[in-house]
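Some notes on the structure that comes next.
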Amino acid sequence: MISLDMAGLYAAMPMWVVLSSLLAGLVILTLGEPWHRTRVFINIAAALVKILLVGIMLWGVAQGQIFFFEWQLMPGISFVLHADALSMMLSSLSAILWLLTTIYAIAYLEDSPNRARFFGFFSLCVAATMGVAVAGNLFTFFIFYEMLTLATWPLVVHRGTREALRSGGLYLGFTLGGGALFLIGVVMVQWLAGTTDFQAGGFLTALELSPGLLTGLFLLLFAGTAVKAAVVPFHPWLPRAMVAPAPVSALLHAVAVVKAGAFGIVRIVYDVFGLELTAILGMNHFLAIMASITIIYGSVLALRQQDIKRRLAYSTVSQVSYITLGVGIGGPLATIGGLVHLVHQGLMKITLFFCAGNLAETHGIKTVDQMAGAGRRMPWTMMAFTVAALGMIGIPPVAGFVSKWYLGLGSIDSGQYWVIAVLVASTLLNAAYFLPVLKRAWFDAPPTKVSHQGVEDASPGLLWPALITAALSLGAGLLASMPFSPLQWARFIIERFYG
Amino acid sequence: MTVMLYATTAATLFALGLYAVLVRTGLIHRLLAANVMATAVFLFLILVSAENPEGVDAIPQAMVLTGIVIAVSLTAFALALLRYLQAADDEEDQTGSQDGRQNGPD
Amino acid sequence: MGLTELSILLPVLMVFGPLLLALLVFLAQWQRSADWLGMGLGLILLALLTPFSGAVLLEGPLEMQLGGHDRGLAIPFYVDGLTLAMLWLNTLLFLFIQVYAGAWLQLKQPAPAAEFRPLFLLLWSGLNALFLSGDLFNLYVTLEITTLAAVPLVILSHGHAAMAAAMRYLLFALVGSIIFLLGVALVYAQAGLLSLPLLQEQAEPHPALTVALLAMTAGVAMKAALFPVHAWLPEAHASAPSPASALLSALVAKAAAYLILRLWMGPLEAQWTPAMAQLMGALGAAGIIYASIQALRQTRLKRVIAYSTVAQLGYLLLLIPMASVLAWNGVIYHALTHGLAKAALFLAAGNLIMVLRDDSLRNLAGCDRVLSKNILVIGLAGVAIAGLPPTGGFIAKWWLISAALESGQWWWAVVIGLGGLLAAAYIFRILSYAFFSPDPHQETPIHQAQGQLTRALVWPPVILAFLAIALGMAGGLLAPFLEIAAPVTGAQA
């Protein structure tokens, strides 16, 4: 089961990647509150180690090396970690964003109470996301998927206010409820197929089960993942979870929770059911329609929010469904668009949340109205915000454009022209809720009652992560044709599915 | 005939005891009723012992003896507990105070 | 030492070791030295259990006659996978609770030390004897020994509430034991024997035996506090001293439920019909749902945990309608995880009460900051009880849901899913109270009081909670042990 030679240790890389943040989290929790410097050191060191390990693994996967770890949890059922091209997409994204978010969070939570708890669960949350990324079967995926729920709850309720606790309760209700359905689905898969190991092209096709049963199974698994991916009508927890501190919202919206859901949908369609079977069951249309409804509905609601973080939250509801949409349309081009958006949306949305945190932290700006003149007072933060917002709308050369372009091409390719309408409508709505914000920030004068009119941007620890992610969003669009860019990696993945 | 008599008596006693345990509210009553049930079971065991075709069977008798010991000790313990409870009740009536366990603001 | 000697020595030591120690402690009035002896005994038993389990795995279920009489008359021991699991649980829990109780008795004023220790040791002996017993009458006797040790433990809190609760417990236990004895008498009258392995071999289906099974089940159910005869448990377990609550919830109630499974699976399996099995499962399911909802409505920490016990015991009954290897493994795993996690919960609750002087949930506000290890224990053990991954509870839930689907009885899967969600709800409700901090910088009385918790109080629940989680990784290793002589049909898991 476990070989202790060097090759075995190297092949078990996915395990080390998960452990790097899992152990960091456990140590931080055990150390307790007073150990501030040690905690910062462990955090940064673990994040750097993780980036290094993920980098090695990324290179290895590109070379076609096999990374695999297995541990028998029950007779016939194993805990399996592996790294395929798809895993690397989510794990690279979360490794990089973990480091940046950690730096941001250290600056953001300076001198606030309960930091040991915060950073401990923060690391556990990343460990669970990593686990979701490198899970080798549906069973292992579920283990990390639920761990993610549990590790996130203390972060959502971190402030300990009544509102935070109520939102935390709502979050748990949705996610654990979805998890229970998902679990029954996973047991059914194991029982029907005798395995839950992910296989490119799926493994349920050969079983010749009745379509009714398969559709039921698909819906069970979809319900479980759709909750975290915030697909309408399973989305209400996401805007409410905004009570969490800004770094948590950033992580939740960019990599951890919503991406785990979207990633799960991709895995279920490609590696459990397979494209063919999904199409035979008509579930691809179902996914595309659910995603389209979510995209439009989320955008419309975002338009109506005055609170910046809430507007961003509804924007997430809308944007994450691009991934599902890409999967639902099917065909290589649309799938590339959906998969690449997994990374692009993460980079752009985390930038936006970092900036929202900076605005609130530095000048107490929390609503769209208060943003008047913010560009003059916090030029760097607003620059990052602008890049990311334009990217969300889909303006070239920012990364978001690439995703939308491929989604559009894909829908034409597969003859589903109605998707173009959804994309256009969504783009218009995105513009409608982001452009006024930008206009207000750059072109309106600051309110007169603000005494200090000069430049006063956020502290370096808050500013740099935002600038870096903004630069990455720009880079992912500009350098999309370079090797190891998200787009090229998505193409690499697609070769596996479409040959 | 005697078998039927014994068996019916045992069954009746058991039923009576069970009925009283379920219906009565006083602790002493319930305790006594439980003992009536126990006696019914012992009677039944003695009957089993006597009806053995190969002569009197010692095993059920051993069971009865052990059962009596257990029933007596449980009953004795229950009676002692009952007295404590009674005393605590009386004390509470006199002083009107809370019991030993502290109850904070709820 | 050969395996034959070991297989005689260990059971004898498990029963008579604690019993002799109890007598010594009671007569000589030893206090702290008794703790050291007890811990030493626990460690020795733990060390011997490992080769013993290996021997049973290799050689099959162990049957042994004590006292040199033949099979009908002697005091027989019977060890299969279920017994092994319960012996391990017993030994581990008594060891850790011994450590905790020693420290607890030193801090508690007034300490019921002179009474606690002999009862604790007597209970240990009684439970070991109960799990090892291989015939009905010995099971009756050992069941009474555990009752006689368990009820006095409740009254050691010296409160009126504790006395009243103990009285209720005692009454239920007394009536239950008489009904159980009636069942035993009926079995003997009909079959002429009491040994469980012999009954399994020889007993033909007969209405009298069915009545006997139902009588024994009803009697034991009163002691196991299975729904609907659970009314005594919440107050008794909540008002007992915390180390005693841990024993009562994790072991004593479970020992009675264990007995039900013993009787239905194997010795008397020819005596029941599928409809009766469904009814037993339905009672279990009703208990899961009802007691979980009750747990959600409690305002005191220990009462939440106590209601949770009633709910979790319900899962054990689900084995009866499903009766497969998967369900067997799942139920034993559930019992193991629940035992470890529930003990951890009660010990952590004991620590909180020690500091806060009270266990009302509202008092928990903000104590996450100063009593973080205890809150962490509640979180970890709670997650295990809710059956979420990566804990032993999850493995148990997986097996049980698989068993439900395999046997085509999908409704149990729904019950298990719902029960897990409700358990998560009442656990996270406790945590919400603890995380609530109206003013994060405010100093509360707990800040001064926290210092008094010694390591011997803090670490046993932490270790038990981690063991409950660690079980989640050991399903593959332990399954072969659980399946030793599993009295169920169907494919191996």
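Each residue, glycine too, has its Cβ placed from N, Cα and C.
Automated prediction, rather than curation, is the source of TrEMBL annotations.
As recorded in TrEMBL, the features of this protein are as follows:
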TRANSMEM  C:6-27  transmembrane segment
TRANSMEM  C:39-58  transmembrane segment
TRANSMEM  C:78-104  transmembrane segment
TRANSMEM  C:116-133  transmembrane segment
DOMAIN    C:133-417  domain 'NADH:quinone oxidoreductase/Mrp antiporter transmembrane'
TRANSMEM  C:139-157  transmembrane segment
TRANSMEM  C:169-189  transmembrane segment
TRANSMEM  C:209-233  transmembrane segment
TRANSMEM  C:245-265  transmembrane segment
TRANSMEM  C:305-326  transmembrane segment
TRANSMEM  C:332-354  transmembrane segment
TRANSMEM  C:375-399  transmembrane segment
TRANSMEM  C:457-479  transmembrane segment
Original post:
Taking contact to mean three or more C-beta pairs under 8 angstroms, with sequence separation of 6 or more, is the transmembrane segment (C:457-479) in contact with the transmembrane segment (C:332-354)?
Top reply: yes
**OP:** Establish whether the number of Cβ pairs under 8 Å between the transmembrane segment (C:78-104) and the transmembrane segment (C:169-189) reaches at least three, counting only pairs separated by 6 or more residues.
**Re:** no
**OP:** Could you tell me what the rest of the chain brings near the transmembrane segment (C:116-133), counting residues at least six beyond its ends with Cβ under 8 Å?
**Re:** 11, 14-19, 21-23, 25-26, 30-31, 34-35, 38, 75-79, 83, 86-87, 90, 94, 97-98, 101, 105, 139, 142-143, 145-146, 148-150, 152-153, 156, 241, 243-244, 247, 251-252, 255, 258-259
Original post:
Counting Cβ pairs under 8 Å that sit 6 or more residues apart, are there three or more between the transmembrane segment (C:332-354) and the transmembrane segment (C:245-265)?
Top reply: yes
Original post:
Is the count of Cβ pairs under 8 Å between the transmembrane segment (C:139-157) and the transmembrane segment (C:375-399), pairs 6 or more apart in sequence, 3 or more?
Top reply: no
Original post:
Restricting to the same chain and to residues at least six past its boundaries, which positions have a Cβ under 8 Å from a Cβ of the transmembrane segment (C:305-326)?
Top reply: 224-227, 230, 233-238, 245, 249, 253-254, 257-258, 260-261, 264-265, 274, 277-278, 280-281, 283-292, 294-295, 298, 334-335, 338, 342, 345-346, 349, 385, 396, 399-400, 402-404, 406-407, 409, 412, 415-416, 419, 422-423, 426, 483, 486, 488-493
